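Okay, structure first, notes after.
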Amino acid sequence: MLYMGNNDQFWIIPSILGSSNLYFLSDDDWETISAWIYGLGLCGLFVVSTVFHTISWKKSHLRMVEHCLHMFDRMVIYFFIAASYAPWLNLRELGPWASHMRWLVWIMASVGTIYVFFFHERYKLVELLCYIVMGFFPALVILSMPNTEGIWELMTGGVFYCLGMVFFKSDGRIPFAHAIWHLFVAFGAGTHYYAIWRYLYLPSTLQTKVSK
C-alpha cells in the first residue's frame, strides 16, 4: 500500500494547545466538561488518523493491526462529530425538544461505530451518507437556538468538510486527492474551533474587542 498523503500529524500539537486553551478559559463545570469532550474528540481524530496512515505507509506485516486501525480511523469520525457539537449543545440554551439532541448525538455516534464494526468497507456510500446525516442533523437544533452567534462559522466549516469529501471520493483519480481531503478536514476543524473559542468560551469583553 502506498502512502496515502496524510498531514494530520501537523495538527496534533495545535489541537492539544487549543483544547487546553478552552479548558483554562472554562468558568464552570459544564464548560470544563465540554472542553474535555471536544478536546478529546479533536485530538483523537488527528492522532488515530496519523497512526493509521503511518502503519499503512510502512507496509506493516501486521495486517490485522492495520485493519483495526482503519476501523478506528472511521469510528473516531463519528465521535469527533458528536464531540464537535457538545459545546454548542451543552452551553447554549435549548428548547425542551431540542435538549434531547445532547444525548441523541452520542447514540448516533454509537450506532455509526457499530455499523463500521460489522460492515467496514462493504457499503461505502451508506457509510458516507451516515457521516453526512450525523454532521448536519444536529445543526438543525443549533439553527433553532435563540442565540445564533457562530452559525456562519459552523456553516463555513461544514462547507469545508463537504468540499473535502469530493476529493476523498476522488482518491486515485485526482493527484494528491487524499492529502487535499485532509487539508479540508483541518480547515473545517479550525473554523469550528474558532467559533467555539470566540462565541462559547471567550469572555464577552474580549469578544467585543475581537469583533472590532
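For all residues, glycine too, the Cβ spot is worked out from N, Cα and C.
Annotated transmembrane segment per TrEMBL: 35-55, 75-91, 103-119, 126-145, 151-168, 180-200, in sequence order. What TrEMBL lists as Zn(2+) binding site is H53, H178, H182.
Taken residue by residue with DSSP, H182 (Zn(2+) binding site) is part of a helix. Secondary structure at H53 (Zn(2+) binding site), taken from DSSP and collapsed to helix, strand or coil, is helix. Ranking 35-55, 103-119, 126-145, 180-200 by CB pairs under 8 A with the transmembrane segment (75-91) puts 35-55 at the top.
Local packing around the Cβ, expressed as the count of other Cβ atoms within 10 angstroms, is greatest for H182 among the binding-site residues H178, H182. Two recorded stretches are said to be in contact when at least 3 C-beta pairs lie under 8 angstroms, sequence spacing 6 or more; the transmembrane segment (126-145) and the transmembrane segment (151-168) meet this definition. Cβ neighbours within 10 Å of H53 (Zn(2+) binding site), excluding its own Cβ and spanning all shown chains: 23.
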